[in-house]
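Structure in structure tokens, see below.
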4 protein chains.
Amino acid sequence: MPVSAEQQREIDDQRAQSQTTLRAVAPGMERHLYTAHPVLDHGFVRVVDYMGDDAAICQAARVSYGRGTKSVQNDEGLIRYLMRHWHSTPFEMCEAKFHVKLPVFVARQWIRHRTANVNEYSARYSILDREFYIPAPEHLAAQSTQNNQGRGEVLEGEEAARVLDMLRADAMRSYDHYEAMLSQDGQQGLARELARMNLPANIYTQWYWKVDLHNLLHFLRLRADPHAQYEIRAYADAMCQIVVDWVPAAFGAFRDYRMDAVSLSAQAVAVLQRRLRGETVAQEDSGMSAREWREFEEVWG
Amino acid sequence: MPVSAEQQREIDDQRAQSQTTLRAVAPGMERHLYTAHPVLDHGFVRVVDYMGDDAAICQAARVSYGRGTKSVQNDEGLIRYLMRHWHSTPFEMCEAKFHVKLPVFVARQWIRHRTANVNEYSARYSILDREFYIPAPEHLAAQSTQNNQGRGEVLEGEEAARVLDMLRADAMRSYDHYEAMLSQDGQQGLARELARMNLPANIYTQWYWKVDLHNLLHFLRLRADPHAQYEIRAYADAMCQIVVDWVPAAFGAFRDYRMDAVSLSAQAVAVLQRRLRGETVAQEDSGMSAREWREFEEVWG
Amino acid sequence: MPVSAEQQREIDDQRAQSQTTLRAVAPGMERHLYTAHPVLDHGFVRVVDYMGDDAAICQAARVSYGRGTKSVQNDEGLIRYLMRHWHSTPFEMCEAKFHVKLPVFVARQWIRHRTANVNEYSARYSILDREFYIPAPEHLAAQSTQNNQGRGEVLEGEEAARVLDMLRADAMRSYDHYEAMLSQDGQQGLARELARMNLPANIYTQWYWKVDLHNLLHFLRLRADPHAQYEIRAYADAMCQIVVDWVPAAFGAFRDYRMDAVSLSAQAVAVLQRRLRGETVAQEDSGMSAREWREFEEVWG
Amino acid sequence: MPVSAEQQREIDDQRAQSQTTLRAVAPGMERHLYTAHPVLDHGFVRVVDYMGDDAAICQAARVSYGRGTKSVQNDEGLIRYLMRHWHSTPFEMCEAKFHVKLPVFVARQWIRHRTANVNEYSARYSILDREFYIPAPEHLAAQSTQNNQGRGEVLEGEEAARVLDMLRADAMRSYDHYEAMLSQDGQQGLARELARMNLPANIYTQWYWKVDLHNLLHFLRLRADPHAQYEIRAYADAMCQIVVDWVPAAFGAFRDYRMDAVSLSAQAVAVLQRRLRGETVAQEDSGMSAREWREFEEVWG
């Protein structure tokens, strides 16, 4: 259960109180505000604040005095131009703040994105909840035989059952011992900053994460990618659904020029140019390694 | 004249249009929104957007589900604690976006603060206006005789007049030539990206500057300091007047623990402890250099 | 055992091969190069590369053509001046690269310092070793009764024994299950990126960490502080021993103006000034909260 | 003249003094150390220090104990894989420090790359030299008629002569007045921090600039690009010649996967796939704007 009844009440309270502002308002983002979008078994992503909208990108690019919007169509053209030509600074003029609940091993990948602001729930100061990520059967995958850094087939039958039993039992036992070590009932009670070291990496933590739109899109590009680990991709996918409602023009440009774009090496450009002239090109003759060639053929046949 | 009549109309338009939002609203900051606060002879600072308020700092520090505010007094205590103990990340959870018009030589100091987002008016793409900073007589100062990096007495009489004449004449002539080189009247017209090189560093430029509260306060600490060059200090001072209305508790803590605080070296601590015990300590006996001792005596007599 | 025999051989090999260079060389740092300084029960810190020395700080501050050194004494005076007046950019001109082996819960604190470069051992790609941090008896401390975020008395007798038994048994069982889930003996074998989630936060990881001297000193200031958690402080203390040999003048200035310095709030300055004039000041009359007053009296009696 | 006789002597002195080190040494970079490569009429770029080489990239990617090199071929394959798949952190493990002399308007573009360390010659503290960038006749170009942000044809005959006259005369007069305002001969002398505002943007400044290899390559990608302004491109080109000698494998991968690579939007991928199947595709049918189509046809005909 990602959110308790009391937490839901706090969220509903916030959604019930609207105020007036002179700032730019993004109606698509207001609809998401505070709502917890469930991710994995106990996690969530929710927007807790934002700054700017599509027009704010153009306003900054033009260093405008007023709204800076000429027309929606004109603005979209500018945004697509900026994205295509890697003019990243206008996208930095929008900002979003998220509250995320996520397993520690996902948090460890996430934090590698350094250009962001973070406040994490402190396990030195507070006691963590008994909530662990246990994969759904369809995400319990074997090691990939081709990719040292990925997963392959879904585990089957008894092996899957054994794994789930181990994950569940170890999580519960670790947490029982965490509580036993902390307890001040008839004993001194271990410091929280020490007791936490017994908890496995699938325990849930929480943080506030604030980031500008340029860096958010960079995060989504890497983490909503099929090569990203499924568990972080689940968060990135949920965030894509939010961002598309917040800044539809910027997200559309991002999809066309980044997510669904293809980067061709100098060698790949040459091969395609030869193919367009009717030549047949083989790997040996392409200047690409076997692995590169395989990746190339996945797109171009 | 910092803002033209047309620009003022655009500002008034934006101030006339309010909308509803579910986000945190800082009433003190809404009052400043869009308004251009004049700085120097043609410059200004104006807030074009913001995120968060004092409560947002506490909300992030507590990783809260709801508003996160317990009471105003309780929040202020937390904010002062965070500031005192250098817990900087909760202050990063507020963000402000400014539109600033400023002389190029001020912009060159300002940009050294790297943790911020910037979009500057492009002199490759557009033509700069004929606006130059000419110091007011009371800011026309001689080189300091003690500080290689500062100014001393105000210039007097004919010398002041000569300086102002040179600054004004050179600015006008440079701009005349800038226009002459750009002109496509009977000639090809020099590229804008080249012609701009003839313009002196007191010409005005503009930018959008977005920064989180922690880094903004760091900027203010260094640039509102009496050792900062007067021209950038004028901007920092104007921004202090805005920030105090935006996040009064955070600004109060910043004033007490940073701006008006004093940092004592290990040697200075030892000297003060000896003085408190009634000893008289001389520089030779203090472990401080002559220069340090002078700085020390300015505060402690 | 922090380093295996084979690893030690690789380290010895590197220390045996010297080459000539035209670059600045810091003899004190050459002595540390590659050597693993043990920290905690299985961890270490070792320098794998560095750039610059004390003279490089002055060279950059003076934007010199040559070495930029005037005299050692003159350079030290400049370095102390730069540190005292928060001129941080010249210190950024030195860089160090470390290889660190550390428990995951320490790595999670460490990574919060964002202005650094990191390559961590990948548990998606590789299998982690069976090495866990188990506190020495003298570091097995109870929760502090005064500080929600710290530790108090050392645990005694049976309670200490119970805690150590739980930590050791849970670590071993988690690792047994980690191996059992990964095994491809008669089963598919769980993906490494999933199996790792069962491992507790006291397992050791490794990374390469590269940072400039200004940000390294900031890290040391926060993490070698008595309020930092003991386990990360152990790393910071070891690094202080390295940095003092690398850039003795910069480290001396850092110690005097940061580590052993005291920051006085506006209120504290006023109280001290009154005391120096012979007044007796009580907390109620100081403008400080009870907590602040306590912190103040710790230094000033 | 980029470097005076005395400066050349300081450079020669440094190149004459070699020492031994245990660190990784890049022979190709040692050859460049300290030497000033001339750029534009009075500028230069010279390497003053560096850290790491191609092997250091692999060593960090593998979190190695020893040199981490398997074989040169194997290392090159890994470097190309890392570059192709945007694994940027291993490239951050190399660092270079440059001393650059450059016109102020170039410095203003350059400083927008924020992830770097900078110490600039201070015109508050010191007096700038009488050196200005005056374009060579072949770089004196008209405003582009197609691109608002670029240049077109070279200026001809009398117009070119008029422009050069204005640039030269204004530079000399500004500097004469700069000196006259600073003079303490029979007058107080204006503060240096004020007098500098009279100097145009083609005056030369200097700085130390330190950056990691990943961010250096990003800089080169944007600034060695044909769309970059010629004057900054001249610096980027000179730096490319240095980097290729420092880290030949990384630079080769950078050229193939970044500089000479082509990014295809989702729409462009679809068009190419249709063309490869033998279809003829027109702009109206491509999903691309007219401008995008023009850019597309420049590569693909």
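Any Cβ shown, glycine's included, is placed from N, Cα and C.
Please treat TrEMBL annotations as automatic predictions, because they have not gone through curation.
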Pick the one from D:R84, D:R151, D:R223 that TrEMBL also lists for the dUMP site with D:Q109, D:W110, D:I111, D:R112, D:E120, D:Y121, D:S122, D:A123, D:R124, D:R196.
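Looking through D:R84, D:R151, D:R223, the residue TrEMBL assigns to the dUMP site is D:R223.
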Do you know which of D:T89, D:T145 TrEMBL groups with D:R112, D:H113, D:R114, D:E120, D:D212, D:L213, D:H214, D:H218 in the FAD site?
D:T89
Which residues does D:L213 (FAD binding site) neighbour through Cβ under 8 Å, counting only same-chain ones at least six apart?
D:G52, D:I57, D:F91, D:E92, D:M93, D:C94, D:E95, D:A96, D:V243, D:V247, D:A250
For the dUMP site made of D:Q109, D:W110, D:I111, D:R112, D:E120, D:Y121, D:S122, D:A123, D:R124, D:R196, D:R223, how many Å separate the two farthest Cα atoms?
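Those residues reach a largest Cα separation of 29 Å.
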Which whole number of Å gives the largest C-alpha distance between any two of D:T89, D:R112, D:H113, D:R114, D:E120, D:D212, D:L213, D:H214, D:H218, the residues noted as binding FAD?
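Maximum Cα-Cα distance: 27 Å.
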By the criterion CB under 8 A from chain C, which of the recorded positions D:Q109, D:I111, D:E120, D:R124, D:H218, D:R223 would you report?
D:E120
In sequence order, which residues at least six apart in the same chain have a CB under 8 Å from the CB of D:E120 (FAD binding site)?
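Within the chain, D:E120 (FAD binding site) has Cβ neighbours under 8 Å at D:A107, D:T205, D:Q206, D:W207.
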Which of the recorded positions D:T89, D:Q109, D:S122, D:R124, D:H218, D:R223 have a Cβ less than 8 Å from any Cβ in chain B?
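Near chain B: D:S122, D:R124.
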What residues, ordered by sequence, lie under 8 A Cβ-to-Cβ from D:R223 (active site, involved in ionization of N3 of dUMP, leading to its activation) and sit at least six positions away in the same chain?
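Within the chain, D:R223 (active site, involved in ionization of N3 of dUMP, leading to its activation) has Cβ neighbours under 8 Å at D:Q109, D:W110, D:I232, D:R233, D:Y235, D:A236.
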What kind of secondary structure is D:H113 (FAD binding site) part of, going by DSSP in three states?
coil
With every protein chain in view, how many other Cβ atoms are within 10 Å of the Cβ of D:H218 (FAD binding site)?
19
Any idea what DSSP makes of D:R223 (active site, involved in ionization of N3 of dUMP, leading to its activation), helix, strand or coil?
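In three-state terms, D:R223 (active site, involved in ionization of N3 of dUMP, leading to its activation) counts as helix.
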What is the nearest of the binding-site residues D:I111, D:S122, D:R124 to D:T89 (FAD binding site), using the Cα of each?
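Comparing Cα positions, the closest of these binding-site residues turns out to be D:I111.
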